[in-house]
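Let me begin by presenting the structure, written as structure tokens, before commenting on it.
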Amino acid sequence: MRLGVNIDHVATIREARKTFEPSVLEAAFIAKRAGAHQITMHLREDRRHIKDEDVRLVRTSVEIPLNLEMAPTQEIKTIALEIKPQRVTLVPEKRQEVTTEGGLDILSNADYLKNYIKDFKENQIEVSFFIDPDLGQVEASKFTGADAIELHTGRFAESFHKRDFRLLEEEKNRLRKAATLARELGLNVYAGHGITYQNIHLILDLKGLIEELNIGHSIISNAVLFGLEKAITKMLGIIS
């Protein structure tokens, strides 16, 4: 199972002060050195964290596959076609949300999406849809022409956090059924959202069905905590 590292929240820390550090590019280099299989970045319409130049720099400077998460808008599409990431993952987007709250509704937007992704296909850019683990959405993704789906694991993660084990088992079964159908239809299957060091073992049970996990917040959170002592010691060393 591959790991895609989402570095959005490195930019979130930077944008909290509207400054130049921490460097998103350096974070991508670190992820590559650590063995990550892919860098994931979400270029949101409001540019709340990742900026256009961040994506350009990572794409041109780091020899690692880039997965660009994006809303299916014409503006972001133009940028994506210029940068040419190895993959685009289409996600729903609301300006008022803190993070992506659910999957893209392929069923209701199939005709639009089928036309929207043509340019990516012509440019040999893999197209993935971020969807809830719903069988109808999986089938619609195949019909629309996607190469892959990324299953939204948010409800699974929330039920784990709340220790709602009945709902947790239901969500895990939904993920299993959706992944199984997707594989039968010839789609690549990825997953992400809310996966942590504590709940990942349950997702690993689906290793034969899910090929890749995209994880960001949990990794960055742990990096802040476990790197804090080292950073303080380094500063004290300089002072002394």
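Cβ from N, Cα, C; glycine included.
Of all Cβ atoms in the protein chains displayed, 23 besides its own lie within 10 Å of the Cβ of His42 (active site, proton acceptor). Annotation comment: Swiss-Prot describes His42 (among others) as active site, proton acceptor.
Look at Swiss-Prot and you will find Glu69 (among others) tagged as active site, proton acceptor. The secondary structure of Glu69 (active site, proton acceptor), as reduced to three states from DSSP, is extended strand. For Glu69 (active site, proton acceptor), the count of additional Cβ atoms within 10 Å of its Cβ stands at 26 [all protein chains shown].
The active site, proton donor annotation in Swiss-Prot covers His193. Cβ contacts within 10 Å of His193 (active site, proton donor), excluding its own Cβ and spanning all protein chains shown: 26. According to its DSSP assignment, His193 (active site, proton donor) is coil.
The 10 Å shell around the Cβ of Asn6 (3-amino-2-oxopropyl phosphate binding site) contains 24 further Cβ atoms across the protein chains shown. According to DSSP, Asn6 (3-amino-2-oxopropyl phosphate binding site) is assigned to a strand segment. If you look up Swiss-Prot, you'll see Asn6, Arg17, Gly194, Gly216, His217 marked as 3-amino-2-oxopropyl phosphate binding site, on the strength of sequence analysis.
Annotation for Asp8 (1-deoxy-D-xylulose 5-phosphate binding site): same-chain Cβ neighbours under 8 Å, separated by at least 6 residues, are Thr40, Met41, His42, His49, Ile50, Gly216. Feature annotation from Swiss-Prot assigns 1-deoxy-D-xylulose 5-phosphate binding site to Asp8, His9, Arg44, His49, Thr99; the stated evidence is sequence analysis.
In the three-state DSSP classification, Glu150 (site 'Transition state stabilizer') falls within a strand. Positions annotated as site 'Transition state stabilizer' by Swiss-Prot, on the basis of sequence analysis: Glu150.
Considering only the recorded positions Arg17, Arg44, Glu150, Gly194, the residue whose Cα is spatially closest to the Cα of Glu69 (active site, proton acceptor) is Arg44.
Within its own chain, His9 (1-deoxy-D-xylulose 5-phosphate binding site) has His49, Gly216, His217, Ile220, Ser221 as residues 6 or more apart in sequence whose C-beta sits under 8 angstroms from its own.
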